[in-house]
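Taken verbatim from Swiss-Prot:
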REGION    23-42  region 'Disordered'
BINDING   CYS31, CYS45, CYS48, CYS54  [4Fe-4S] cluster 1 binding site
BINDING   GLY84, LYS85, GLY86, GLY87, VAL88, GLY89, LYS90, SER91  ATP binding site
BINDING   CYS257, CYS260  [4Fe-4S] cluster 2 binding site
Amino acid sequence: MAPSLEEPTAANIDALSKTAPNLVAPEPEHCPGPESEQAGKGDACAGCPNQNICATAPKGPDPDVAIITERLSQIRHKILVLSGKGGVGKSTFSSLLAHAFAANPDSDVGIMDTDLCGPSIAKMMGVEAETIHVSNAGWSPVWVTDNLGAMSIQFMLPNRDDAIIWRGPKKNGLIKQFLKDVDWGELDYLIVDTPPGTSDEHLSVNSLLKESGVDGAVIVTTPQEVSLQDVRKEIDFCRKAGIRILGLVENMSGFVCTNCGHESTIFRATTGGGKRLAKKMGIPFLGSVPLDPRIGQACDYGESFVDAFPDSPASTAIKQRSNGFGVYGMEKCDTIFKTADLADTREY
């Protein structure tokens with residue numbers, strides 16, 4: 001089908017899905033897992049690029065997992081924010097979500113930046129120049145407000161523009177320190193902002209948090225197929241890793257003029273967008289967040305967009321539950337996520 005700027009029809013979308021290529025080769029089967037005694041030694045490991053790493057890695061349960069579980073036992077809800085591709089607004093959404101939770105003065109909120117090579121949460125929260133303080137209780141998070149704390153590698157850099165050039169083991173070690181040593185105290189919500197894709201950081205966070213209990217993951221996308229194709233991989237990763245998918249959020253879904261209120265489509269959903277994908281993959285669609293240039297300005301200045309522009313359509317989408325995902329004054333994550341929009345079967 002030739003490229004076109006016209007709105008795609010349902011027939012065109014179905015035709016695209018039918019012609020989608022299959023994997024050239026099936027994925028490896030019967031992997032014993034990195035913690036197994038047979039890791040790197042079994043017949044299924046032959047030819048695997050990670051065979052030597054698995055064979056030489058220490059086996060058995062990680063003793064730090066019990067320490068992390070105890071440390072995080074006072075946190076009621078832990079939410080991962082994932083994206084298949086960079087640039088879809090995952091960290092922006094994480095910061096908006098944190099501010100929206102913290103808008104309830106009775107809620108205590110933490111946000112942890114595990115995107116070690118591209119940390120942006122400190123900047124978005126307006127605390128980029130702060131440093132970590134260490135006490136007998138552990139590392140103290142940087143408090144943005146009385147009920148909103150943040151933790152990021154940015155607080156540890158000698159110079160704010162220093163690059164992080166680390167391999168997997170060193171990244172995993174710092175993530176473990178964030179989970180084991182940071183003294184969050186009692187929190188209602190801990191939001192974990194992750195790097196794009198499915199990398200070492202995701203595996204580390206999942207394995208270290210599994211015992212302490214994670215509510216699940218929110219996946220952020222934009223409407224274009226180039227983003228959705230990576231979301232499918234992210235969904236596959238979550239299912240294989242045993243991470244509950246709370247739902248899909250479509251960011252930058254359109255632009256609403258602040259003067260006349262007219263909504264314009266910026267990134268056309270050539271294959272049906274996030275809602276169609278969520279329906280097809282059997283996960284909740286949590287709603288859409290429109291573009292607003294003031295979001296970028298608020299993030300650059302480290303201000304809460306939700307507080308500064310409470311009547312913006314984007315703020316409304318975050319606060320008042322767009323298609324089943326409401327965060328403003330939320331009492332329990334499960335109550336909201338269980339009522340997310342799985343039943344809407346409209347075609348796009």
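Here, residue 1 is simply the first one shown, and the rest follow in order.
Heads up, the Cβ atoms here are built off N, Cα and C, so glycines get one too.
Location within the structure of each feature annotated in Swiss-Prot.
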{"residue": "CYS45", "record": "[4Fe-4S] cluster 1 binding site", "Cβ neighbours (10 Å)": "20"}
{"residue": "CYS48", "record": "[4Fe-4S] cluster 1 binding site", "Cβ neighbours (10 Å)": "14"}
{"residue": "CYS54", "record": "[4Fe-4S] cluster 1 binding site", "Cβ neighbours (10 Å)": "21"}
{"residue": "GLY84", "record": "ATP binding site", "Cβ neighbours (10 Å)": "24"}
{"residue": "LYS85", "record": "ATP binding site", "Cβ neighbours (10 Å)": "20"}
{"residue": "GLY86", "record": "ATP binding site", "Cβ neighbours (10 Å)": "15"}
{"residue": "VAL88", "record": "ATP binding site", "Cβ neighbours (10 Å)": "25"}
{"residue": "GLY89", "record": "ATP binding site", "Cβ neighbours (10 Å)": "22"}
{"residue": "LYS90", "record": "ATP binding site", "Cβ neighbours (10 Å)": "26"}
{"residue": "CYS257", "record": "[4Fe-4S] cluster 2 binding site", "Cβ neighbours (10 Å)": "10"}
Counting Cβ atoms within 10 Å across all protein chains shown, which of the binding-site residues CYS31, CYS260 comes out on top? CYS31
Binding-site residues GLY84, GLY86, VAL88, SER91, CYS257 vs CYS45 ([4Fe-4S] cluster 1 binding site), shortest C-alpha separation belongs to GLY84
In sequence order, which residues at least six apart in the same chain have a CB under 8 Å from the CB of GLY87 (ATP binding site)? PRO196
Cβ proximity for SER91 (ATP binding site), under 8 A, sequence spacing 6+, ordered by residue number, returns VAL81, ASP113, ASP115, SER120, ILE121, MET124, ASP193
Between GLY84 (ATP binding site) and CYS48 ([4Fe-4S] cluster 1 binding site), find the distance joining the two CA atoms and give it rounded to the nearest Å. 24
Of the binding-site residues GLY86, VAL88, GLY89, CYS257, CYS260, which one sits closest to CYS31 ([4Fe-4S] cluster 1 binding site) when you measure Cα to Cα? GLY86
I'm trying to understand the geometry here, so how far is the Cα atom of CYS257 ([4Fe-4S] cluster 2 binding site) from the Cα atom of GLY89 (ATP binding site), in Å to the nearest whole number? 20
Comparing the Cα of LYS85 (ATP binding site) with the Cα atoms of the binding-site residues CYS48, CYS54, CYS260, the shortest distance belongs to CYS48
Can you tell me how far the Cα of VAL88 (ATP binding site) sits from the Cα of CYS260 ([4Fe-4S] cluster 2 binding site), in Å? 26
